[in-house]
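J.: Under the heading transmembrane segment, TrEMBL lists 12-29, 36-57, 69-86, 93-113.
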Amino acid sequence: MAPGLLDLVHLTTWAVCAVIKLPQLVAVLRARSASGLSVGSLLLELAGFLVFLRYQIYYGYPLETYLEYPIIIAQDVLLLFCIMHFSGKTKRALFYAVVFWMGWYMLTLQKWIIDLAMNLCTFVSAASKLVQLQHLWQTKDSGQASALTWGMSAYTCASKLQT
């Protein structure tokens, strides 16, 4: 791929990541419902993003190689809180926050832990999508699932293969 085009793809990927969960958040807030969305899927996705971010920080990679991840994580956390709120399980969100906070620190207790976790990230990411698709299949209701968010996610995955 030509260097100029590669730079454009990288820039657009970062821009899409900056707003990737906003259509999903808007759909949930407008409907005041999280029907069609899987908490398990979102938790897996969040775990994968946190492992990736922790790995990048642990090994001292340049910020520009992972800058979009803190932004996506913040959007995922907000979306998770909205899902928990609209499903009446707000207190459970605190439990998840504590588990992720402990996991953040346990990842770097030993080098092999963060390395193993990073090697599993692709599988965790794929599993999160499969869990969401299974949820949609079982409920036969897409509810507030945002096709735009899924489309942007597909774009960023495809662009990461090029960059």
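In case you wondered, yes, glycine gets a Cβ from its N, Cα and C as well.
Explain the structural surroundings of these features, please.
T.: Sequence-distant contacts of the transmembrane segment (36-57) (same chain, six or more residues past either end, CB-CB distance under 8 Å): 24, 28, 65-66, 69-70, 72-73, 76-77, 79-80, 83-84, 87, 96, 100, 103-104, 107-108, 114, 117-118, 120-121, 124-125, 127-129, 131-132, 134-136, 139, 141-145.
Beyond its flanks by at least six residues, the transmembrane segment (69-86) meets 17-18, 20-22, 24-25, 28-29, 32-34, 37, 39, 42-43, 45-46, 49-50, 52-53, 56, 92-93, 96 of its own chain at Cβ-Cβ distances under 8 Å.
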